[in-house]
Amino acid sequence: NHKATHSENSQGKKSQHAEEAIFYMNCRAAYLSVLKSSLENIKSKEQLTLVLQQAGRNPSQKTINKYWTSQTTSLNFDDFCAILKKEKPATKNELLEAFGKIDTDKAGYILHDELYRILTTRGDKMTWEEVTTITKQADFNCSGKLDYNKFCELYLSTSEQCCKAARDRLEIDPRLRQQQFGNQTETSSEGITLPGSKPSPRISRKTDHKLAKGDSRAPSRPSSAQSGKASSSTTVTVGASSSRSTKLIIEPDTMKEWQRAQSKGCFYLEEDGEIISHKYRLHLPQRSAVCITIKPFNIPQAEGKSCHWLSVDTALFILKENETQENLQLVSFTELQHKEMFGWRGELGSGVYWLLPFTTGCRLRKVKTQIPGEAKLVWRDEDGELALTKEFRAALLDIFETIDLDGNGLLSLEEYNFFELRTSGEKCDQEAWAVCKENFEMKKNELTRQGFMDLNLMEANDRDGDPWDLWVTLLSLGYNKALEMTEACPFVIDICAERCKPRIKAISLGAGGSQLSRALCRSVVNKGEPKVLDGSENIIIHTYKSGSRITSVIENQSENKVIIHVNNEQSKNCLNSRGLTIFAVEVAPKSMMVSQHVMPLNEQEEWIYSCVHSLV
């Protein structure tokens, strides 16, 4: 059974990888139907509309305005791919549902007069002539009526033909197929030495003995590094058993008497793909040796339910608070790995520290999955009274475990408010909490599990059994319609201190922001291997491997912005945080930015990270 499950998971990951490759091919086919190169920017709303249409989308003016604001001057290929990920093509069911709102009699057609009235007065208003073009099409019009079922079929087939035509153009024209995408025309042998270009004198070349065992780095220069263009190539080969080889002893005998603190939290995946999480403040009364760990929180699941989040990578960045919260200094991060746990051991002085959780997003991302049917949340007993289903109760108990940050089996007002902020965007004040106390079971002014269950039952009763509000709560907490947590990753942080009692407190829920970005870049620059782009000493690619993940950071020391082309086509058994094999990024002058995070698709097999960064 274990082998069968492992095989299914492996096949699922490979299928996801194949879907991403197809998505990317469609992206560049559409882009090159309008623009000459993937490195040419979209310069107007009209161009944006055209490339979206070539990708089978039919964007409204509202959609275009969402991505092209008054501040927008251009969008690059990377931006375009991100837009396509958010703007899914309409399905036949969605189109029929929209027409069904007009066709209240469910006759299957709409009178032309009604169609004219709606299309010329609502939404993106069409002209009389534009509507006439639709009503004159014999394929789906007859006797002054539009057969909207036929119209939907033609609309979808036309959309697919548009995508296919773009792909065909890409295949037929070799200039388009290879131009500016770094497609290799020949395979380079591993181990070929990079042609000599002297490194910047400020950078010491780090040798391979600092890498974990099982890794090998072979410099190579695939043909995608076009001659005359500054480029850098990095290859890291990781054995199947070495991804989690770093040893972190969590409970040595010397730590048994250390004082402890613990807090739970969660990563949540937003609609736009951004990841948010709890952030923490750690207080140490005096200087002490400290051990800090983070790992996914293992909630016992019902038989047959998979724990998707347990494979999600986690990390903590430790920052020292000085005079102001804006002035945070990176101390270290959890770089040691043992199985799914990441940790750091060292000595910290007395004071206040910030702990910023992080995940690469390689394994916490939007994925389309087939769900056989929507789970039932409530039912009525023989007396007609509403009750929560067994499946929904189990999900609520899991949610309770996740949002009970201190793990005392009760929800304080602060803990409950993190839940409220996530699910409704509002906070519960002291007065409302007092009302809760009157209606739901509490202990020591904290909500019990039963109280939490009853509160959700009351919500169902308030809508007379309509589960809409309950689903809003579940979806915002990362659950799908099968009651599986697929877009969230609960985690637990443990802190042990030798000479004092550590105190940890969740202070906010949100994106990591600039503080986390700076800490991430600085950690890679401090610990990683730097490589100067051949022919451009001001551009440095820093690559750092920590356990089962690799991060690359682009440092631009020049006075001008640069565009870096990134090619991962020679990587094997890899997932990256951008979801694209080839992409381009713009780096501002005198700045650093993350190029990508990479992890193995299947940790039981060898994986090869092979990446070429080229200056455009």
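From the backbone N, Cα and C atoms, a Cβ is placed for every residue, glycine too.
Unlike curated entries, TrEMBL annotations are predicted automatically.
According to TrEMBL:
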{"type": "DOMAIN", "residues": "90-125", "note": "domain 'EF-hand'"}
{"type": "REGION", "residues": "174-246", "note": "region 'Disordered'"}
{"type": "COMPBIAS", "residues": "177-191", "note": "compositional bias 'Polar residues'"}
{"type": "COMPBIAS", "residues": "205-218", "note": "compositional bias 'Basic and acidic residues'"}
{"type": "COMPBIAS", "residues": "219-246", "note": "compositional bias 'Low complexity'"}
For the domain 'EF-hand' (90-125), the number of residues DSSP places in helix, strand and coil: 19 helix, 3 strand, 14 coil
Intrachain neighbours beyond the domain 'EF-hand' (90-125), with Cβ under 8 angstroms and 6 or more residues off its ends: 58, 60-62, 131, 134-135, 141, 144-149, 151-153, 155-156
Stretch-averaged pLDDT - the domain 'EF-hand' (90-125): 83
